[in-house]
Amino acid sequence: MNIEVLKNEIYKLKEEKNALIVAHNYQIDEVQEIADFVGDSFYLSKVCAERPEKVIVFCGVHFMAESAKILSPHKKVLLPEIDAGCPLADMVTAEDVENLKKKYPDYSIVCYINSPASVKAKSDVICTSSNAVKIVREFPNDKIIFLPDKNLGSFVKKQVPEKDIILWEGFCITHYKIKKEDVEKAKSLHPNALVLVHPECRPEVVELADFVGSTKQIIDFANTSKEKEFIIGTEMGVLYSLKKLNPDKKFYILHPGMICPNMKKNTLQSVRDALLYERYQIEVEEEIMEGAKKALSKMLEMG
């Protein structure tokens, strides 16, 4: 079907159903283009909780739509592609958290938002890549178990050395592709460019970066920087906003494999179908909902 026809159908259905469309920065360009709000996990979770619309089409992956449902239980949250998952989120289970609590009873669980609702429900507070350092630093307990991402955890550990932090062994398979050699090669090809990377990258990659931050923080940094060239170390979906907001600047992706296949599953067709058929509705068990909402609300409260 013609792209413009699809877009018009989406706009019409959105109005009819009083729906809100949000998209993560890693979505395909066309999906970001039709979204009401585009951003990182923290920004979108706040938007979904604060907006009045009763129907939310979440163009992202499962854990993100799940978080939106937890924060807005009375809203209808739709995920255009139900099999858009996250391998990192699947690297930890609720049982793992229970075992950690038994083994380390004095430690608090700080859980990255890239996790299932059942894991969030057993955690003390949730964080995103944009506020992980702040959450860990300000959390009242000095003994922390950080899960599931060991690379983000390692970044936090370095920023907050005064705390005793135990790391879980999960990682993002897309960001994990970037190696130290890739950064060195990119720097030699573009000596005037600043290196901006996501904290899900390996510690040795983060070490070589000029700036480390969430997708929104990377975009904000490039927007306000006086520099004209940037090497980007995160999923290539961010290039859409970077180029749109900075037509006079140059952006080079750090590794050609910076594509998250799950994030790319949502299409204009599936967004249209989500609105038309009101699918796929995200539901969270009441028992899980309660604990997960408490941990997510704690994050929003802490900022």
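Even glycines carry a Cβ here, placed using N, Cα and C.
Per Swiss-Prot, the features are:
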{"type": "BINDING", "residues": "His24, Ser41, Tyr112, Ile113, Asn114, Ser129, His198, Pro199, Glu200, Thr215", "note": "iminosuccinate binding site"}
{"type": "BINDING", "residues": "Cys86, Cys172, Cys260", "note": "[4Fe-4S] cluster binding site"}
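Annotated features taken from Swiss-Prot, shown on the structure.
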residue	record	Cβ neighbours (10 Å)
His24	iminosuccinate binding site	26
Cys86	[4Fe-4S] cluster binding site	20
Tyr112	iminosuccinate binding site	30
Asn114	iminosuccinate binding site	28
Cys172	[4Fe-4S] cluster binding site	24
His198	iminosuccinate binding site	29
Glu200	iminosuccinate binding site	28
Cys260	[4Fe-4S] cluster binding site	23
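In the three-state DSSP classification, Cys172 ([4Fe-4S] cluster binding site) falls within coil. Counting in whole angstrom, Cys260 ([4Fe-4S] cluster binding site) lies 12 from His24 (iminosuccinate binding site) by their C-alpha atoms. When secondary structure is read from DSSP and collapsed to three states, His24 (iminosuccinate binding site) falls in the strand class. Taking only the Cα positions, the spacing between Glu200 (iminosuccinate binding site) and Cys86 ([4Fe-4S] cluster binding site) is 14 angstrom. Apart from Cys86, Cys172, Cys260, the residues listed for [4Fe-4S] cluster, the same chain places the Cβ atoms of Val61, Pro87, Leu88, Ala89, Asn114, Ile173, Thr174, His175, Glu235, Asn262, Met263 within 8 Å of the centroid of those Cβ atoms. The two recorded residues, Asn114 (iminosuccinate binding site) and Cys172 ([4Fe-4S] cluster binding site), show a Cα separation of 10 Å. Across the annotated binding residues for iminosuccinate (His24, Ser41, Tyr112, Ile113, Asn114, Ser129, His198, Pro199, Glu200, Thr215), the two most widely spaced Cα atoms sit 17 Å apart.
Reported as a whole number, the C-alpha separation between His198 (iminosuccinate binding site) and Cys86 ([4Fe-4S] cluster binding site) equals 17 Å.
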